[in-house]
Amino acid sequence: MADESSSPATGDPNSQKPESTTPISIPNPNPNPSLTPPPPQQHSQPPVAPLVPPGPPYAPPAQIPSSLLPTNLPPPPPFRPGMQFTPVANFQNPSSGVPPPGSMPQYQPQPGMRPFQPMANGYPGIHGVAPPGAMPPHGLLRYPSPYPTMVRPGFIMRPPGTIGAVQLAPRPLIPGMPGLRPVMPPMVRPASLPFVTPAEKPQTTIYIGKIATVENDFMMSILEFCGHVKSCLRAEDPTTKKPKGFGFYEFESAEGILRAIRLLTQRTIDGQELLVNVNQATKEYLLKYVEKKIETAKKAKESQGTKENQAEGPESEQDKLESADNETGKDGESKIKENIDIANSAVLTDEEREADREAMEKIETAIEERLKSNPLPPPPPPPADGSGMEFAFKSKDGDSNTDVARSDAAANDVETSGEHNRPDTSSPDWSKRNDRRSRERGEKEQEMDRYEREAERERSRKEREQRRKLEDAERAYQTRLRQWERREREKEKERQYEKEKEKEKERKRKKEIRYEEEEEEDDDDSRRRWHRAALDERRRRQLREKEDDLADRLKEEEEVAEAKRSAEEQNLQQQQLDALRILSGQAAIGSETVQTSPIENDHKATLQTVGESANEHHAADFEENGSGNESMAIDNNSGSEAHAPSKKLGFGLVGSGKRTSVPSVFYEEDEDEARKAKKMKPLVPIDYSTEEQEAVAHGGSGNTPPHLALAAEFAKRISSTNPKEETIETEKQRSRRSHDKASHRDRERERERDRDRDRVRDRGDGHSGPTKDAKESGKAKIIDTKFLDAKQLIDTIPKTKEDLFSYEINWAMYDKHQVHERMRPWISKKIMEFLGEEEATLVDFIVSNTQQHVQASQMLELLQSILDEEAEMFVLKMWRMLIFEIKRVEAGVPVKSKA
């Protein structure tokens, strides 16, 4: 240690550089180079440094001019107290391979003191002040300090080092080298202070498993019976948000862990045996704690045994100590290191045993209350391999064994004493004491055997009880498990039944919706057909009424014209009669009347017949239509009045009969009178026999005047020619009208049949057999097929599924005209509509099947697996299109753009 400053490892690195030839070229950081080392002192004198203020700086030597002094020197170093070290005795300097330089003879440091006094600014100083003309020692530069005098605070020197130790030697001064720093010994920890191991952090965390059904609060309450719990860490399942089946609990002391291991190992909660374990760090901590506790108990018992057994002598104490050491070493330490259950190896006092018993009672009470209040859910099954049972038995075996070992060690510890009081075995009373100790040891062994037998019986009883509880719990669990499985099966069946019911309801609902949609479509179709039929019926009725009105109007006009002609003819006849009366005179009135009565009667009978027939026909039409023209009624009345037949008054006398048909003031007759007049029997003219006419002719032929004969001849000619011609013409007109009316009725009847046939075709009544008129019209249509258009062809195509599937298709015409090429675009378009994308393969498949002349039912079966529910609709539409194309080809109808 004395040569530490001179070693190359601790020396200044500048000491290895070559010597400089120009000492003033490198500025020296030492501002005071004129200091000299202190003179040697005697060892008897105390090392006291005089507190003398520093003197003025030395003047520069004469050989160094002032111009060569440095002008820009660094500022002085700041005030910095130097480090102070205490020398360490017997310090060996590490060998670096370079021997230290020898010490100079002219400088001998005082023993026990440092070579230089530590200064506040870090530079070494000397004791005392050199005189003004003194030369500095070798190795120090001789140049003046550019700084003013520094006032250095004085301080009391340290006491000398340890007596007998090698002191420090200064490094030899080398000329031309800057000054060295003071040699400071290394700072070493005082040897008197003992090494203190840092306090070990207690590892008091315990792992408890198989607590999946146990709440954390209940687990904390159970652990509080063992000791205070500082913290707990129990993870939660992220899906169910329930705590997992294990947890980490940190106790405040190691006693809590030991008690928890003793009381909770293999403890059954909710049908599961708790798994209590510690990690390696906690196990080591517990081992140390148990060893320390055993050691403390041993020392305490040794001290107690020393006080109690001093009267027996040192020999007995030494024997007890040896036996205790041997037995404890065998039964205590070996079992602590070998036994997994560390807690059972701890030395328990009476208070700790009482605390364990109370904690055990509290834990059992809490578990029983939990079983009563919360029997469900059933506990999970125990491990199948039975490792838990074996571990429980092993742990309990360990408990009993360690208890026996502890009792044995405790009994031996009572008799032990200190090692230093062991007596000599040559004492005369040693044999007696040895015999007494053997007897006592035998009694203790017998007591230990008895205790072991009792412990074994107790352990067997506990094992049987535990096994019985486990079997009961297993049976209860199996029973509950079977009940739970039965309930779950029933619930699953109910769920399946509910699902089937829901599916059935859904199927029924879809079927009802589809049926309602079809009903609505059918209702819409029937409503449209009914509406169309009603419109057609109304249109036909209106047309029929218009035609009837037109026919009635024509008939009325004809009747009016006929009545006018009849009136004109009657007026003409009246004029003729008046002329005849004027010509014949009053005397021949009777004879003329007699002669002309047959002719007049014939003529009047004809007119009466025509008028009555006209009036009757008109009245019937009036009643049938329910309406009539007032003016026409007036004309008819006037006509009837004009044509009113004259009543026969006797042979050849005829009355006018106008009184019976006199109109009322308003030219209207009462309904009863009009009905009676219409229902009156028409008058029939009297036919005279030939004998009567000859008698009348012979009676008046002799004295007939010539002018009367001329007038009679004229009237006869008129009556014989006019009525006949008029009658023929009237008959012709009547036959023409009847013919026109019959032809009109035929045309109307034909149109009515056509409309009925169209209505039946619109309704789709294809199953009804065709009537005779339909067959005739069908023949006419077959003849005129080339004049039909696409609309009429579409109307002839069947609409129902049965009719379409039973329709005979002309496949020869299909193959001849290659109808499949015309069908291909339509099929591709419909497939695009049904599937949403083009399927060229499916289109080719359908076209190829139609070329093979498959039936509609076969085509439906082929497409059923591809189009599902839409297959039937597609086949129906395609078959209608196929029939239309074949019919169009047969009829030669060109394709229209809209078709």
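Just so it is clear, glycine is given a Cβ too, placed from its N, Cα and C backbone atoms.
Which of 71-78, 95-102, 687-694, 735-742 counts as motif 'Nuclear localization signal 2' depends on Swiss-Prot, and there it is 735-742. Taking Swiss-Prot as the reference, the stretch among 526-533, 598-605, 670-677 described by the feature motif 'Nuclear localization signal 1' is residues 526-533. Per-class residue totals from DSSP over the compositional bias 'Basic and acidic residues' (533-568), listed helix then strand then coil: 36 helix, 0 strand, 0 coil. If you take every residue in the coiled coil (434-578) and average the pLDDT, you get 87.
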